[in-house]
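Okay, so here's the structure we're looking at.
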Amino acid sequence: MNLRKASAAAAAVLALSLTATACGSDDSDSSSEGEGGGKKITVGIKFDQPGIGLKTPDGSYTGFDVDVATYVAKELGYAEKDITWKETPSADRETALERGDVDFIVASYSITDERKAKVDFAGPYLLAHQDLLIRSDDNIAKGADLNGKKLCSVAGSTSAQNVSDELAPKAQLKEYGTYSECIDALASGAVDALTTDDSILAGYASQDQNKGKFKLAGLSLSNENYGIGVKKGDAKMVDDINAALEKMVTDKAWDKAVTDNFGPAEYKNEPAPKIGNIVS
Amino acid sequence: MFDFLEGYDLLGAFWVTVQLAVFSGIGSLVLGTILAAMRVSPVPLMRGFGTVYVNVVRNIPLTVIIVFSSLGLADIFGITLGAADDFDALSFRLAILGLTVYTAAFVCEAIRSGINTVPVGQAEAARAIGLNFTQVLSLIVLPQAFRSVIGPLTNVLIALTKNTTVAAAIGVAEAALLMKEMIENESQLILISAIFAFGFVVLTLPTGLILGWVAKRVAVKR
Amino acid sequence: MTSVLYDAPGPGAKRRNIVYTVLFLIVLGLGVWWIYSAMDDKGQLEWAKWSPFTESQAWTTYLLPGLANTVKAAALALVIALPLGALFGIARLSDHRWVRVPAGVVVEFFRAIPVLILMVFANQFYATSTDISTEMRPLYAVVTGLVLYNASVLAEVVRAGILSLPKGQTEAAKAIGLRKGQTMRSILLPQSVTAMLPALVSQLVVIVKDTALGGALLSFTELLNARKTLAANYSNVIPSFIVVAVIFIVLNLLLTTFASWLEKRLRRAKRSTGAVLTGEAMEDLTATGTPERLSDIRKTDGGSGPGGGGAVP
């Protein structure tokens, strides 16, 4: 008897796992409808960067990149509800565009020659600089002050390399998986500064729970021209997005997006960049 | 054919892997033995602590333990293991700590099962001649138990060797991290993977064979 | 067994035990107090960092979808690895050298390689050589790595399960004239499946834990990775880690409790052969070497206390 019961239990386990599989896999279907029939558009953003692209607890998305993407999509003829947001981690951005998994990417995506070989860029829509985030009672005025300090960045990022190679070779570099972890380490005093693009830093410093705790050092260590990534060769898409970006600047929606997302951090943003004007 | 290997410190990375395995192997053997002793001790509280430790640690993914030792221990609890100013050494030592804490739970269970294989008569005879718990354990039971658990402990050691790859999650420059870096930069995916797979086979297979032979040699004949 | 190691405590020993208990309690207390004060000192105990976990949105938006992915990857890996493992396990028992040896080489090879290496390889392989969408690729890579490794572990479980059956079963089958295939299909496999169940559930714990590797290194959005987005919202890295660890512990404790319950039940089952492959016995199978131990598995005595058994570390 017990044998039969045990077999029944085994069958139940199997059935359970199968159901788990089944209910898990139906969420990815809505993705691959292109611009055509369904009138849907898929946009790649970051999900875990406050101020840039963040998935909030109620399941909506906020951030500067999200505002820009929403505006551009609207100009292209897609209402907000027709946008499917997808997470595009840095390492996956080129592949996602090449494969057509997303229609365009707005994800703190700096325009570089290496990337231009693989994808096309519209914009730039923001000129960011590599900067430092420090505790508000701290002071770091120039790059050389970093020597002997402990610096945090995300594993594999170019920002960290820039500092250790050029500005302050004697700085200690700690690499974490995400910036949130760096923020924690910065708050607890385990590191002295967090380095990456000032826009990302401003996003973190503007979060409610971080307000007043951190400040930007105001160093412009590099120029990062954020562009909107588009599949290589899709010239019409690039033109349409560029037109939308120009309109966003002229009707002041751009300024509003900057204040909304970076305001509390006293982030001195560069004026809206001219389309195609890449500052190197 | 192997030009792409230039500029990569392959042996260095595997050397780090070996170091991680050896140091955390020794650490977890010590901690695991202490835990096993706790689990069979006459003090109920210690028994309880041992049981909870094993059941908690064994059920957490090693990845969580390793990443947490980097974030939590170093940043919040200020455990810097004497390497506060050298982040590379710090991650290396924290990885050893995390691997030790995790592996100790498995070592403890292996040793405890070894204690169970020692015939009851041995412990009874030891008590009959007036030995106390510590003496029974350290002079009579554990020496016999260790000889019978070399097999299971070998398996734990091999698993530990493979688990050192998780240290890549906190940026310790061991084999898996180098492999990840290499296959992202070079195009010889299959060849690179084969090299690293071969490296691990070379590390784990002889360990299993040699210690398996040792286990047979020292086993208590009954 | 354990009580064999010491005499029933007399008055002196009782006093001593109390002293030890108090001393140990003090040490434990100091440890807990130190953890508490360090966390308090760094502001990790602020209610704002913990309150998100009392809101349903933190669970429905981040943690539960992450957990669903963890379970999904683990379940898929088990469902695919099981038939593969059975195939290789049976192949290793074949009478034909040309079947037995290659199967043995494949199994030993994949057991000797870290799962992470397999996952990293699969991820890159899918990225460069296949047409899998970037969104699904991490899942595929994680499942592939888990399947390759666990199929080879399960092959050994199946082999051990079949070997654990009394010889009389094969002999009786031969006596009534069954062929090798028939013996395997209708006599050995059905019986060994029940013997293997506890070991299978224990292996599931290992699979669940290994999915976290994909989260940390392949950006697979399982539980550990979902924590990342949650922590970006609430700035609660440490609390979120603790919550995620607790979820893993609860999930795996449920599985191990289920495994030891199964094991007890099967051991009592009168109609079965009484051969049970415990999680404890699994430890012998998790790494390379020592095939001669496998025939001893039937003799492995349970009685391993709570949790049933540890599979691969």
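Cβ coordinates are placed from backbone N, Cα and C, and glycine is handled just like the others.
Positions annotated as domain 'ABC transmembrane type-1' by TrEMBL: B:14-211.
Sequence-remote contacts of a segment are chain residues at least 6 beyond its ends whose Cβ falls under 8 Å from one of its Cβ atoms, and for the transmembrane segment (B:12-38) they are 46-47, 49-50, 53-54, 92, 95-97, 99-112, 115, 137, 142, 153, 156-157, 160-161, 164-165, 167, 172-175, 177-178, 199, 203. The transmembrane segment annotation in TrEMBL covers B:12-38 (among others).
Positions annotated as transmembrane segment by TrEMBL: B:59-84 (among others).
The transmembrane segment feature in TrEMBL is assigned to B:90-108 (among others). Away from its own ends, the transmembrane segment (B:90-108) comes close to residues 16, 19-20, 23-25, 27-29, 31-33, 35-36, 39, 50, 53-54, 57-58, 60, 62, 65-66, 68-70, 73-74, 79-84, 153, 156, 159-160, 163-164, 166-167, 170-172 of its chain (Cβ-Cβ under 8 Å, at least six residues beyond either end).
The transmembrane segment annotation in TrEMBL covers B:156-177 (among others).
Sequence annotations record features per position, and here TrEMBL assigns transmembrane segment to B:189-215 (among others).
Long-range Cβ contacts of the transmembrane segment (B:156-177) within its own chain (Cβ-Cβ under 8 Å, at least 6 residues beyond either end) map to 12-14, 16-17, 20-21, 24-25, 28, 62-63, 66-67, 69-70, 88, 91-92, 94-95, 98-99, 102-103, 106-107, 110, 196, 199-200, 203-204, 207-208, 211.
Long-range contacts of the transmembrane segment (B:189-215) within the same chain, counting only residues at least 6 positions beyond its ends with a Cβ under 8 Å from a Cβ of the stretch, are 1, 4, 10, 14, 17-18, 21, 150-151, 153-155, 157-158, 161-162, 175-176, 179, 182-183.
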